[in-house]
Amino acid sequence: MSLFMLLMAFVFMVISLNFMNFNSSLLVEWDIFSSSSKIFLFNFYMDWMSTLFFSFVALISGSVLYFSGSYMPMNSKFRGFMILVFMFVLSMFFMVFSLNLVSMMLGWDGLGIISYILVVFYNNEKSNSAGMLTVMSNRIGDSALLLSVAYFMEMSSWNYLLLDECLDVMVVSLIIMAAMTKSAQIPFSAWLPAAMAAPTPVSALVHSSTLVTAGVYLLIRFSDLMQDFKILSVLMYLGVLTTLMSSLSALFEPDFKKVVALSTLSQLGIMVMTLCMGFGSLAFIHLLTHAVFKALLFMCSGKVIHSVGDYQDARKMGGEIFNLPITSAIMVLSSYALCGVPFLSGFYSKDLIIEYSLMGDMFFFNYCLYMLIVGLSSSYSFRLLFLSMISFTNQNVSLMSDEEDWVMLVSKFGLLVMSLLSGALLMWVCMSSSNMISLGYMFKWMAFISMLMGVVVGVWICVWNKKGNMFLTNLKFLEIFMIMWNLPMLSGMKFGFSSMSLYLSLVKLDLGWLEVFSGAGFYKLFSSSSLFLGGWNLNNIKNILMIFIISLMFMELVI
């Protein structure tokens, strides 16, 4: 199956280059049935963007499936795991190539359902709670996309690329809501680190090129129809806040896989920020390059975790540069690509994003935020490398690490080549002619200087704590960074408790009103009414005199 995925990656890459060369696209329509004046079509739209994106998805899927053959135990669950991964890629196929919003819902919903099954693969308490948080967060976006489908019915077509009229602000808000939940932007960011309860091959596939990038891809497809809306400026600052929150949380997070997941979250925020500034092609290039080196980083982290007895605490690692030299070298290269080291894949898109943002007419505070984002990405990357590779080992003496598993090494080779070359290749192919960049000498070097300063800060934090000075870890205000600005409490435990309390109170209220307006309530009402009316039928002189006096007073008022 992995060879089939790699063959699909090659085929779709050739088709994408052909579409670029001839500036063409392909629309395939299937007439399902027609009723009176209604025609129900199932259509696929293939252009250079969709085919190139799916070629990267197929490349990563093939590498992950080959990697899973050695990482996952060969038992009865492995075959089901492979089928689920293949269904995940099939859902991605429907989502990428669907021109119709209804058929896109097949892939969109399939991604959410299969990701839930993969997150709860180990079937323990942690994975079950993480899976429930994941699927409930994504259902908000699914409902928003369903409402946007209903709005598109008034526009006489569900084909979003064929619309000539401007979208309504409500439709744009619903599409942005769907993309925010799927790409884990604030305030829906808590599910992404929680989904690390899934097996590492799932994390390498889901959190690099499929589930989390589906929202960004949806925004890229709708970017031409949403450029005139003011809500994009709000979304841009949400992307900046997401990047800042995840970077600060990754700087103090001890869990190895969660640090990599938080780095994914920070890069997703950069993609959303770039897209809202109007650079859709640049955001798409950063999406592809990030998918490659982040999948490679997840696979290397899986090998490191596997070698230390399945511990995910980075403080229990160390010395892996001597035990796993090849894996350590690959992990260092992928981390360098994440930081934006010159002439690696992440450098070309990330440096161009920073330069475009510096050329914009923005506040000075925005420039400081962008430089802080660049520095923090270097800080948490080098902190992770220091704890796992360079520092003295904290492993048990009974553990042994080696590089004898050639299946894991071969599975990383294709992604390693793409991590080194994909940035330059995509720039030459996708952006053959870019806008002129005119910056001063200091502005040109500002991103590189920020990266170096971030490296210094990350190494300083590690050395400070290694010396036994626990000043940084004892500061109370750092706890809010380690728990992602309390977002897990708001979207998970606290929100669930408050919603359950509200539900119980509504149930009590509902039961009370049902009793009032059902048989018991009507019986009490009719009984009291009959007793009241029955009293007037008695031959009581007091009642007769009262009725006579009230009648005289009424006649006097009328006359």
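Positions of Cβ are set from backbone N, Cα and C atoms, glycine also.
Range 105-123 is the one annotated as transmembrane segment, of 105-123, 504-522 (source: TrEMBL).
Here the transmembrane segment (80-99) sits apart from the transmembrane segment (169-192); fewer than 3 CB pairs are under 8 Å, leaving out pairs fewer than 6 apart in sequence. Averaged across the domain 'NADH dehydrogenase subunit 5 C-terminal' (380-557), the predicted model reaches a pLDDT of 72.
Between the transmembrane segment (169-192) and the transmembrane segment (406-429), fewer than three CB pairs separated by 6 or more residues in sequence fall under 8 Å, so the two stretches do not touch.
Through the fold, the transmembrane segment (441-465) approaches residues 251, 339-342, 350-351, 354-355, 358, 371-372, 374-383, 386-387, 391, 471-473 of its own chain, all at least 6 residues removed from its boundaries and within a Cβ separation under 8 Å. With a threshold of 8 Å between CB atoms, the same-chain residues lying at least 6 positions outside the transmembrane segment (406-429) that come near it are 6, 17, 20, 59-60, 62-64, 66-67, 69-71, 285, 288-289, 292-293, 295-296, 299-300, 303, 326-327, 330, 333-334, 337, 343-349, 352. Through the fold, the transmembrane segment (7-28) approaches residues 43-48, 51-52, 54-56, 58-59, 62, 99, 429-430 of its own chain, all at least 6 residues removed from its boundaries and within a Cβ separation under 8 Å.
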